[in-house]
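The substrate binding site annotation in TrEMBL covers H135, T136, K279, N288, R297. If you look up TrEMBL, you'll see H171, H216, H271 marked as divalent metal cation binding site.
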Amino acid sequence: MKRPPLAVTLGDPAGIGPELTLRAWTALKDRRHDFIAYADLDQLREIADRLHLPAPRACEPEQAGEIFSQALPVRPVPLPEPARPGHPAPANAAAVIASIEACVRDTLAGRTGGVVTNPISKAVLYEQGFRFPGHTEFVAHLTAHAAWDGPRGPMMMLAAPELKTVLVTIHLGLRGALDALSTEAILHTARVTLAALRTDFGLASPRLAIAGLNPHAGEGGALGREEIEMVAPAVETLRAEGHDVAGPMPPDTMFHAEARARYDAAVCLYHDQGLIPVKTLNFHGGVNTTLGLPIIRTSPDHGTAFDIAGRGLARADSLIAAIRLASTMAENRQSALT
Ligand SMILES: NC(=O)c1ccc[n+]([C@@H]2O[C@H](COP(=O)([O-])OP(=O)(O)OC[C@H]3O[C@@H](n4cnc5c(N)ncnc54)[C@H](O)[C@@H]3O)[C@@H](O)[C@H]2O)c1
Ligand SMILES: N[C@H](C(=O)O)[C@H](O)COP(=O)(O)O
């Protein structure tokens, strides 16, 4: 059975998102990863013209599959102000948000098969009153009332072929993140991750590694007691539930190749502990995905890259990987739940 197309959001129209969407279409138009862009038709036509590509075509999600091999399908989200690469316009913030909302709405309605988000500039949206730290929390909010039998996130996973990491705390300053950590938060993150590894990644017996917080995982308590008082109890509880869990792992030695071979995902305690290793190992192949939602959501692991927007330098690898992963996750979830 033909699956519905994925919905790709606008992202910040002054960033690299629009050109990456067209480059991803060029790379995927002959494969089976159909998608439809919820974006400004005029902007995409102008970029397509510059890249000598066929003009993108407006359509409904139901027609995207028919035209995908000939032109990029677009559900128009008009911009109030023409986009200028590298110069984000506050006036376009509402369209950026409307695009995310429409993609989530159509995915909840079954018209699209998952959401792939282009990068947004958080600072620009915050200035316009956007009250969510990022897509992760916004998409969780938009799907909060939809039925979902699994443990509910949102949890941020960064996934590359070399390494998957999942964050216990996400967009918090480091001091705030330390205050937010607890055995309960680690347990919840681990349980959502284990369920997602089974349902969305097709792993029958997932293995987790849980990071420590302090140098050398606390060195027996001499360099901090969080491992003994907070992380180890979570590891013990998960093991008692029958899960394959290692930890607390010394954060500096858990990401080398031999260590990575012993687990399927690493639970990390704060943003940079989990994102630095993935973005360093594979910046262009990394994907950000949200676990524990009623819908599939992925994103490239990079940001808006205003410094290179409109200059033809941006690589589409991470967006392409995000589209491919969303497609695979949707397929895995459908098989697991039917
Ligand atoms: N999924 C998202 O919405 C998302 C993810 C990360 C960052 N952001 C946002 O993006 C904005 C800019 O963040 P940043 O500067 O830290 O990170 P960035 O990823 O935008 O840029 C970091 C560096 O990598 C380069 N780069 C990024 N993507 C590239 C690509 N596809 N091809 C070639 N080079 C690329 C940029 O030119 C820049 O030099 C911030 O507002 C941040 O919040 C959004
Ligand atoms: N920390 C994320 C990253 O670097 O990929 C990023 O800011 C995106 O967050 P959202 O997916 O919540 O927008």
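Backbone N, Cα and C atoms are what each Cβ position is placed from, and that goes for glycine too.
Positions of TrEMBL features highlighted on the structure.
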residue : record                             : Cβ contacts under 8 Å, 6 or more apart
H135    : substrate binding site             : I100, T117, I120, T290, R297, S299
T136    : substrate binding site             : P154, M156, I170, H171, T290
H216    : divalent metal cation binding site : L223, P250, D252
H271    : divalent metal cation binding site : L167, T169, I170, H171, L172, A177
K279    : substrate binding site             : L158, G286, D301
N288    : substrate binding site             : M156, M157, L158, A159, T298, S299, P300, D301, A322
Subject >> Largest tally of Cβ atoms lying within 10 Å of a Cβ, found at which of the binding-site residues H171, R297 >> reply: R297
Original post:
Greatest CA-CA distance (Å) over the residues H135, T136, K279, N288, R297 that the record ties to substrate?
Top reply: 19
Original post:
When the Cβ positions of the binding-site residues T136, H216, K279, R297 are compared with the atoms of ligand 2, which fall under 6 Å?
Top reply: T136
